[in-house]
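Everything below concerns the one structure shown next.
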Amino acid sequence: MDLEHAETFGAIQPSLSSSQVGDFTDLLHRIDTADLMQMTSNTTESVWGDSYYPNSYLEMEKLEDSVKETTFADDMKPLSIHSVSLDKLSGVNNFNISFIECASPTHASSNSFYSTRLNKIFVKKQHAFSVNVAYSSAPFEKLRLRVMLVCAAPQDLQRPISRCQNDISKDPGAANDPHRDHILRCLNPSTIYVGTADGVAFHNRLATIIELNETGQQVVVPISMQFLCQNSCPTIERRPTALVFTLERPDGTICGRQMLHVKICSCPKRDKDKEEVKQEGGKRKKAIAEPAAVAEPPRKLTRQSSSNESGARMQFAQMPGVNERQRDSPLPSTSLVGRIKKEVDGAVVRSNSNVSTCSSTDGDGTAIIMSLKLPDIAVAVDVAEYAFMKVAANMVRCSNEEEYSRYARFLTSCRRVKSKYAQFL
């Protein structure tokens with residue numbers, strides 16, 4: 001028996017019987033001779049080549065190298081293996097976005113508001129808003145922008161979002177619209193709508209794609225959009241939402257990603273203020289003003305009896321508007337102001353001393369007695385004269401005798417008060 005490399009197995013004893021030789025031959029056929037071959041200096045090569053061993057050392061080494069490599073640029077993988085992400089990535093293209101404020105950003109009637117503290121847009125349904133897309137690109141580099149609306153909460157990130165049937169039924173043109181499932185609509189020309197209503201993977205999601213044809217170091221392109229559903233619609237169910245902007249190459253490579261939180265609501269200004277207050281930890285506490293030091297209240301002059309006439313004369317002589325002759329003249333039977341009453345400025349004092357009825361004296365339940373604090377005697381006379389003229393005018397317009405007699409009594413009272421104070425002028 002002439003076997004190649006037979007010396008490897010030792011010398012075959014010729015004295016063996018034919019049956020024993022046959023047993024050794026069967027054994028040799030069952031041995032994996034690849035384990036017995038001497039390897040060359042290059043351990044990755046074999047006598048029969050790499051293609052002979054499907055699980056050779058070379059393939060194992062390549063597999064280990066691929067496992068050891070860290071995917072530091074996971075966002076640069078092909079689009080087909082991507083899931084939706086909210087992580088921001090500027091990339092080498094310096095990709096960024098910014099909200100374009102409306103003409104009156106603080107006016108309550110505006111349709112869109114942006115909160116810097118929340119990085120969030122508040123916008124009405126079916127009202128346009130705009131963002132600036134900034135990027136850098138080399139000459140002849142083709143880029144495109146993909147924009148999609150997603151649920152922002154981690155547990156809802158993979159949930160697809162589409163237009164609700166209620167809004168579709170109210171849209172007269174939805175029946176013939178191939179993009180009727182898209183909530184987000186882009187107003188820029190040459191917009192492409194992609195994805196399906198039940199798409200979960202990144203490339204299957206409903207989205208809009210805008211070709212970015214401009215190149216340069218810092219290119220800014222305005223993008224105008226609007227929404228056709230609100231966060232309260234059944235397909236969103238009041239979940240927090242966000243707009244994801246991705247900068248891509250035509251082959252689907254992700255070059256950058258940015259994100260803006262968004263809320264589509266009927267009252268953007270109100271919701272923006274409420275969420276900002278909530279982020280601050282509750283309602284804004286109104287500043288409690290320290291009570292100002294109470295100045296000494298003015299003194300009020302009241303009537304006093306004739307027993308204190310000397311004190312009354314002294315205080316009457318000090319009143320403004322009283323001349324030399326009036327100081328020496330005798331006081332009237334009811335002297336003015338001998339007692340001092342303190343009163344706070346601006347306070348409304350509701351007491352019988354200021355406003356009261358006189359039903360107990362003359363039987364007129366609608367008559368009013370009022371006490372006024374006036375600056376001097378001359379003003380008191382003018383007030384009494386004006387009251388006299390006002391009552392006289394009402395008396396002239398009376399239609400029955402009873403009302404005429406009633407106003408006549410008040411007219412007499414006004415004349416008496418005017419005469420009492422006019423004597424001091």
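Glycine is no exception: its Cβ is also placed from the backbone N, Cα and C atoms.
The domain 'p53 DNA-binding' annotation in TrEMBL covers 88-278.
Just so you know, the Cβ of CYS233 (Zn(2+) binding site) picks up 21 other Cβ atoms within 10 Å once every protein chain is counted. Annotation source TrEMBL lists Zn(2+) binding site at CYS164, CYS229, CYS233.
Marked as region 'Disordered' by TrEMBL: 271-313.
Residues or ranges marked as compositional bias 'Basic and acidic residues' in TrEMBL: 271-282.
Most other Cβ atoms within 10 A: among the binding-site residues CYS164, CYS229, that distinction falls to CYS229.
Using DSSP to sort the residues of the compositional bias 'Basic and acidic residues' (271-282) gives these counts of helix, strand and coil: 9 helix, 0 strand, 3 coil.
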